[in-house]
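Student: I have a structure here, written as structure tokens, and I will follow up with some questions on it.
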Amino acid sequence: MGFLGQDWSQATGYLIFCVAVFSMGDFIFGLDVSAFGGLQALPSFLNDFGVYNEATKKMALPTLRKSLMNSIVYIGRITGVIAFEPVTEKWGFRTLFIAICIVQLLSVILQLAAKEWIQFTIGRVFGYVTIGTIEAAIPMYCAEIAPAHLRGFLSGTFVPIQTSASIMGSGVVRAMATETQTRGWLIPISIQLIPAVIGLAGVAFTVESPRWLISKGRHEEAVNVLSKLRTKEDVANGLPEAEVQALVHAVEVDRTIGSGTWLELFSGPVWRRTLYAAIIFFANEAGGNQFWNSYGPSFMVDAGLGAKSFTYSIIVSLAGAIGGLIGILSSDTIGRRPPAIFGSALLVVWDCLIAGLGSRPDITSNAIAQNVVVASFVLLIWSTKIAYASVGFIVCSEMGGIRMRKKIMMVGTANDVIWSFVVAFSTPYVMQKIGANVGYVFAAIAFIGLVFAIFFLPELKGRSLEEMDELFDNPRFKWGWQYPKVQTTGAGAAVAQVENANRAHHLENDDSKLDNEKREANIRVQEATWGNEDMRSPTTTKIHHLG
């Protein structure tokens, strides 16, 4: 066992390298979100893109302009979400990641060259094409290359890495807080070139998802990929071949059912998973997370906190990174549900405190109220990252099964985009009317997320990706806490058995128990794979046993 009970016995250096390279996409996401949230309060940015406000005697972004600059970028984001599934299905994750890095470079160049707010916003629209693709592609790639017991952690690294990038972005913005010349906003934008360049340089040394290779009939390549990702001991014992064997059969069984269609998202046993994905990301974005991303620093300025708002932004980002790390570490130890329940319950509290104290008439002079509001924002983001910001990406990257996984993930991220847009566009107008009382709206939504987490959020810890169809279809409805009790018996169960035997090989020193684990896995794979002679592939016929 490793850090906080996490088992790292199957985490090879090359596996971590592949995750790290693709995580440059998470850095792109985090840098953009933190940079633009802070830019809106920078004197240099307001001098170039704002207008003079007679009432305040300062340069400022008009309400409509601020709303458009925060919301119109979601045209790019939804484009990226829509493009994710067909591009990945046809060309794979590596090609998609190359495209992400190239488009990001184009986006940053357009922003750096901007003389008008419209050109700057167009550049961000291109950047948000990459963000829409990143939030679906990176967690799914990590989930597909990871061993089962590390899947929650590695697919969930999206959140703490993104938030760590936000710390970097917020720190650069803080350094430019008093700069009035154009370079004050050029520098925070230019650092967004760094992860794109690193990603382009490193992607050639990564591997394609073995599950994608299998779906294209490239079984031997999948074995080679898994042999690179798994430990030398696993390779010597033939476990990569056994894993591919089970995966091949699971894919072939699924193909006998037919290819997943978009209509299937809203019918049969899949519609419930579609609904769950939509609710998860609704609760994530509309529970208060997007409020901070778009307006946190400027909200603090309005509350009388001045230049301190940039320092508080760094603290908020740091708290988010810690919360995200807690969320993903706990997902593979205590499960997916407890962090979501705990974090959602706290969100209700922090949203209410921000609303109650932030709306006080004396908020600009009441130091105690200001401190509590700041602390509530810090803890709000910390709680968000523990809850759906981590769990949402993990669960949605898992529960789609073989045929519908990319489509379910697209539904989730599309809802993420929609609700981000709604919050970003409407919040400045709502705040003009009710001020900080908008926190009560977010609290109500966070409460909906809490109810969903308690009663409906499925517990998927330790399951193989190929088990999901059987898990959700037997019986069709289950309360969230009932999923661990379901015993699967099909092709997906064979994959899970291989993965569990793989893990047992590292955890158990008792030879007799290890032999039993291998024997049980071998029997399960043979029963699932060799039961139908017509479905045996060249890869499956050459593998007769584990170990």
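The backbone N, Cα and C atoms fix where each Cβ goes, glycine too.
Caution: TrEMBL annotation is automatic and unverified by curators.
Note that the coordinates shown come from a computational prediction; the quantities given were computed from them, not determined experimentally.
Below are the features I grabbed from TrEMBL:
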- 12-31: transmembrane segment (TRANSMEM)
- 18-461: domain 'Major facilitator superfamily (MFS) profile' (DOMAIN)
- 96-113: transmembrane segment (TRANSMEM)
- 125-146: transmembrane segment (TRANSMEM)
- 152-173: transmembrane segment (TRANSMEM)
- 185-207: transmembrane segment (TRANSMEM)
- 310-329: transmembrane segment (TRANSMEM)
- 341-360: transmembrane segment (TRANSMEM)
- 372-396: transmembrane segment (TRANSMEM)
- 408-431: transmembrane segment (TRANSMEM)
- 437-458: transmembrane segment (TRANSMEM)
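Tell me about the surroundings of these features in the structure.
Tutor: Beyond its flanks by at least six residues, the transmembrane segment (125-146) meets 15, 18-19, 22-23, 25-26, 28-29, 32, 72-85, 87-88, 93, 96-97, 99-101, 103-104, 106-108, 110-111, 153-158, 192, 207, 209-212, 225, 229, 393-394, 396-398, 405-406, 409-410, 412-413, 416-417, 465 of its own chain at Cβ-Cβ distances under 8 Å.
Within its own chain, the transmembrane segment (152-173) is flanked in space by residues 6, 15, 19, 23, 26-35, 38-39, 42, 135, 138-140, 142-143, 145-146, 187-188, 191, 195, 310, 313-314, 316-318, 320-325, 327-329, 331-332, 336, 381, 385, 389-391, 393-394, 397-398, 461, which lie at least six positions past its ends and keep a Cβ under 8 Å from the stretch.
Sequence-distant contacts of the transmembrane segment (185-207) (same chain, six or more residues past either end, CB-CB distance under 8 Å): 17-18, 20-22, 24-25, 27-28, 31-32, 35, 38-39, 42, 44-45, 48, 94, 97-98, 100-102, 104-105, 107-108, 111-112, 127, 145, 165, 168-169, 172-173, 175-176, 225, 228-229.
Long-range Cβ contacts of the transmembrane segment (310-329) within its own chain (Cβ-Cβ under 8 Å, at least 6 residues beyond either end) map to 3-4, 6, 34, 37-38, 41, 152-153, 156-157, 159-160, 162-164, 166-167, 169-171, 173-174, 177, 292, 296-297, 300, 339, 343, 374, 377-379, 381-387, 389-391, 394.
Here the transmembrane segment (341-360) has long-range neighbours at 283, 287-288, 299, 303, 323, 327, 366, 369, 372-373, 376-377, 379-380, 383-388, 434-440, 442-443, 446-447, 449-450, 453-454, 457, meaning same-chain residues at least 6 beyond its ends whose C-beta is under 8 angstroms from one of its own.
Beyond its flanks by at least six residues, the transmembrane segment (437-458) meets 276, 279-280, 282-284, 286-288, 291, 336-337, 340-341, 344-345, 347-348, 351-356, 358-359, 387-388, 391, 395, 399, 427, 430-431, 471-472, 478-480, 483 of its own chain at Cβ-Cβ distances under 8 Å.
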Student: Could you tell me what the rest of the chain brings near the transmembrane segment (408-431), counting residues at least six beyond its ends with Cβ under 8 Å?
Tutor: 63, 66-67, 70-71, 74, 77-78, 81-82, 84-85, 132, 135-136, 139-140, 265, 270, 273-274, 277-278, 280-282, 284-286, 290-291, 293-295, 299, 392, 396-397, 399-400, 438, 441
Student: Could you pull out which residues elsewhere in the chain have a CB under 8 Å from any CB of the transmembrane segment (12-31), counting only those six or more residues past its ends?
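Tutor: Counting only partners 6 or more residues beyond its ends, the transmembrane segment (12-31) has Cβ contacts under 8 Å with 93, 97, 100-101, 104, 127, 130-131, 134-135, 137-138, 141-142, 145-146, 154, 157-158, 161-166, 168-169, 191-192, 194-196, 198-199, 202-203, 205-207, 228-231.
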